[in-house]
There are 2 protein chains.
Amino acid sequence: MQGPGVISSCNRKAWLRCCGGTPWAGSDPTAHNGGMPEQHPAINTREMVGSTVPQTISKATRNTRQRAEVLALLGEVDGFHTAQQLHRMLCDRDARVGLTTVYRTLQLLVEAGEIDSTRLPGGEQLFRQCSQSRHHHHLVCRSCGRTVEVAGPAVERWANQVAAEHGFTDVGHTLEIFGNCAACAAS
Amino acid sequence: MQGPGVISSCNRKAWLRCCGGTPWAGSDPTAHNGGMPEQHPAINTREMVGSTVPQTISKATRNTRQRAEVLALLGEVDGFHTAQQLHRMLCDRDARVGLTTVYRTLQLLVEAGEIDSTRLPGGEQLFRQCSQSRHHHHLVCRSCGRTVEVAGPAVERWANQVAAEHGFTDVGHTLEIFGNCAACAAS
DNA sequence: ATAGCTGCAAATCATTTGCACGAAT
DNA sequence: ATTCGTGCAAATGATTTGCAGCTAT
């Protein structure tokens, strides 16, 4: 049943089936990383910093403890995490925030443009406090989740141009690069 | 609750909530297209043809009627469709194939590399018989689903280079361009 | 014959929603 | 005081799986 190690969309939900680890663990059968201990928050790098992220949700009218908790956590962890993971982390630090609230807060933040969200090839939504306000993309390590924000002005231009050539307007795009980072390759 | 018309990840499952239409219908609040009649298979264009798609699933050992039906349908419709949509279409043409089988066949095809699959910003998986065997990307119309396969050698190089610069190996990437096609913009 | 298929029903799983209660303004 | 936020439980909806029966080979 296990498909080849390509970046295909097979093995769908299988990734998160192991609800404890990072969503990347074991995402690629060919990866060097078999299984890391549970509750191991992904170690990430942020190479293009730029602190522009406020400590309150602009759109929000009320500042509650749980929102503060979520915001605080987002400020501490780097890299992408699923709502479930973030919730688990909150539980681990006894932050007492309901899963529902985590989802709702995350959604608010995304709408407010204060956090980034992508999707795992498997379809699960990932969230990350983004340091850049401009449009950018991510280079994500398949095994540890280490993330690098990359800007690709050339790509933006190319995408817009291609779209224009075909008569498309209101163009937007999604682009993520996956790979194994040096650290993981070395280990 | 409605955010701006950007390609953000809000309004998640709301898209497919209306189980009858194409997943694109109403995907963008700012789109010109309100709601098209149900069961309206997306009209698509395929600009980079190249018939390399066999009529049998290579990996499969047995050729069953239902697989043939799925393959046939895939050969007729253009553009991306969800498994559910394809199944509905099969029902409409009295092809009598179970939803489960559609899912299983589609998965087989993806694993065999005979069809393409992407995800809607909302997370649902889309399938499309791809005409190019090489790696390529898609330019998808947000309202009608019209799809153009585009090759972006420069992007491939750029992605690989960026990844390499950061020490990443086994690089892969996903890239989709969304927009409103000329036809939809005109209507 | 017989290993694969198929499809129904039931199971998963992430995410959403209804609703009554608690908290921020 | 109100209105908004919270969280539990239940609902949703796409996708998967168990399993008994059917069918290509």
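Glycine residues also receive a Cβ, built from the backbone N, Cα and C atoms like all the rest.
Quick look at what TrEMBL lists:
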BINDING   B:His135, B:Glu156, B:His173  Fe cation binding site
BINDING   B:Cys141, B:Cys144, B:Cys181, B:Cys184  Zn(2+) binding site
Open item on the list: Cβ atoms within 10 Å, counted per site: which of B:His135, B:His173 has the most, among these binding-site residues?
Closed with: B:His173
Open item on the list: Going by Cα-Cα distance, which of the binding-site residues (B:Cys141, B:Cys181, B:Cys184) sits nearest to B:His173 (Fe cation binding site)?
Closed with: B:Cys141
Open item on the list: Cβ within less than 8 Å of a chain A Cβ is the test here; which of the binding-site residues B:His135, B:Glu156, B:Cys184 meet it?
Closed with: none
Task: Residues within 8 Å of the B:His135, B:Glu156, B:His173 Cβ centre (excluding the Fe cation site residues themselves) - done: B:His137, B:Gly152, B:Val155, B:Ala159, B:Asn160, B:Gly172, B:Leu175
Open item on the list: So, three-state DSSP: helix, strand or coil for B:His173 (Fe cation binding site)?
Closed with: strand
Task: Collapsed DSSP category at B:Cys181 (Zn(2+) binding site) - done: coil
